[in-house]
Amino acid sequence: MNVVVIEKNLAMTGMKIDEEFVPDRRIEVETDDEENEAEIHCDGEDNDDDETGSDSELISAETNSGFITASQSQNCSIDPWPQTYRQSMDMYTMPLQSMGTLKGASELNLNLPIKRSFGPTDDQSTLHNPLITETSLDKDQVPISTLPMKFSRISALRIPSLHDLPPPVEQCSFSQSVLNAINVLCGIGLLSMPYAFKEGGWLCLMLLLLGGGISCYTGILIKLCLERYDGLQTYPDIGQAAFGFVGRICIAMVLYLELFSSCVEYLIMMNDNLSSLFPLAQLDIGGIHLDSHYLCAIISTLVILPTVWLRNLSLLSYISAFGVVTLATVILCLLWLGVVDGIEYQPSGTALEVGNLPVAVGLIGFCYGSHSVLPNIYTSMKEPSRFPSAMLISFSIGFVLYTAVGVFGYLMFGDNIKSQFTLNMPPHYLTSKIAAWTVVVTPVTKFALTLTPIAFGIEELLPPSQQSSYAVSIIIRTALMFFTLLVALTVPYFGVVMALTGSVLMMLVSVIFPCACYLRLLRGQTTTFEITVCSLMILAGLISAIVGTYSSLSSIPG
């Protein structure tokens, strides 16, 4: 359907409207001609002779808010990047919905309430009321303040690949929201938790508690930021609302780097455990000798590669929901090994290892870095007011799981613990083999979901004629896959990559950005105590990022 935006002629109502509100009196008219859906003409030239000419074809994009408003009608061709982030991250919350809600990949239809541009809202109550009653208008002249705009009508035309994303997530119950939060919170960071105790000492228990409390608090700050303006749905939206287009780009780039680092971790994890299962595997081809490490890395890449070619990941996102099952399996295998198989405990370690403490902080920071998905969890809740309770429950469960794995793993393997405790489990036990194979299979189900948001973000930057090309999509995903392999082979240290990611990216996403955006968006409404707390957390996050980066890089062997 053609989407045509026309300005209302307010003079017919006999009302005197201030010029500030005149541009907002525009509506969306849909015709029945679906064949011309992809043709939207944006013309910045005024035509006084034709009231329904160029003026009727204006579609503006507010670059400071990220939503369709009237403040920049001349810049109608600009859509803030990235537009696909919300739907691609919805794949992390969709799997735990009712199976009846899966309808396949359909057209995205985001009905966002239109609001004035970000700025003073001294008289917001009057902005939501129509300035013209329906009785005074023809059927085609309905005030924009009473209509939701189909945002995807415009963005989908510019991004053809959007139709390959899963449908918008149905609303979640409270229990489903908690499960979604636990699924994204408790991941591969569990494998390195005993190693964190070795690096930082037994006082890592206090760091786990403190990190969980701070992360839970900043998660609630994200909720408050989302509530500040209508239509905010993603982390980049918050960044744009707080710091303009630059804020949106910076946050989006950090989020994509975080996802990429997780892909590197998945590949290293799969390679390490696969090579431990087949330590004698080797291959000589064309005069090139591949030992177990390189051979298993290549095999892991080739096994994962077909999954990243899929553009419709609805089914794969449901398979990834078994992350909760694999998580429980690995934990049970560790406890079974210590309790039933009777492995000898090796109590050791000190209360605090000051020299390696920044590395431990980075590892713990990685474990609590789920904030990129929290906006999706919040916006999909049936009862958004219960979001703080969901955060408290999920982070409490996460703290208990991380503590149990860290304490049991460190007691069982002592100072010999490796960056993944599955590598320490005696191979002759059945539970060890189950845990190892579980860790090997996990990246196959999760890697594509982690890489897809990055691929969609890159596709948005391509010319429109190439965005719908499946061949181009395969090339982009294949290139990302092999670039991940290159990084994994260059820095094949699971603990180092995790500590570095946690020290820099997770501190930005989970601590610094939420506090900075909260102080910016709610300035004038925050108490002195809140300002002080947020400022201290920003300072602590910056110090941790700097010191943690240095310590992580220094710990690289050789």
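Each residue, glycine too, has its Cβ placed from N, Cα and C.
The compositional bias 'Acidic residues' annotation in TrEMBL covers 45-54. The annotation domain 'Amino acid transporter transmembrane' is assigned in TrEMBL to 172-552. Feature annotation from TrEMBL assigns region 'Disordered' to 29-57. Annotation source TrEMBL lists transmembrane segment at 203-224, 245-268, 288-308, 315-337, 357-378, 390-414, 434-458, 470-491, 497-519, 531-553.
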Task: Recorded stretch that, among 288-308, 357-378, 497-519, 531-553, has the most CB pairs under 8 Å to the transmembrane segment (470-491) - done: 288-308
Task: Proximity of the transmembrane segment (531-553) to the transmembrane segment (390-414), 3+ C-beta pairs under 8 angstroms - done: no
Open item on the list: Which range wins on Cβ pairs under 8 Å with the transmembrane segment (357-378): 203-224, 288-308, 497-519?
Closed with: 497-519
Task: Leading contact stretch, 203-224, 288-308, 434-458 vs the transmembrane segment (497-519) - CB distance under 8 Å - done: 203-224
Open item on the list: Using Cβ atoms and a strict cutoff of less than 8 Å, what residues sit near the transmembrane segment (203-224) while being 6 or more residues removed from its termini?
Closed with: 196-197, 235, 238, 351-352, 360-361, 364-365, 367-371, 374-375, 378, 384, 387-388, 391-392, 395-396, 398-399, 402-403, 406-407, 510-511, 514-515, 517-518, 522, 534, 537
Open item on the list: Can you tell me which parts of the same chain pack against the transmembrane segment (288-308), counting only residues 6+ beyond its ends and a CB-CB cutoff under 8 A?
Closed with: 267, 270-271, 274-275, 278-282, 316, 443-445, 447-448, 451-452, 455, 477-478, 480-482, 484-485, 488-489, 492
Task: Tertiary contacts of the transmembrane segment (434-458) (same chain, 6+ residues out, Cβ under 8 Å) - done: 81-82, 84-85, 88-89, 91-92, 161, 165, 188, 191, 252, 255-256, 259-260, 262-263, 266-267, 269-270, 273-274, 276-277, 300, 303-304, 307-308, 310, 313, 316-317, 319-320, 322-323, 326, 329-330, 333-334, 420, 422, 425, 427, 473, 476-477, 480-481, 484
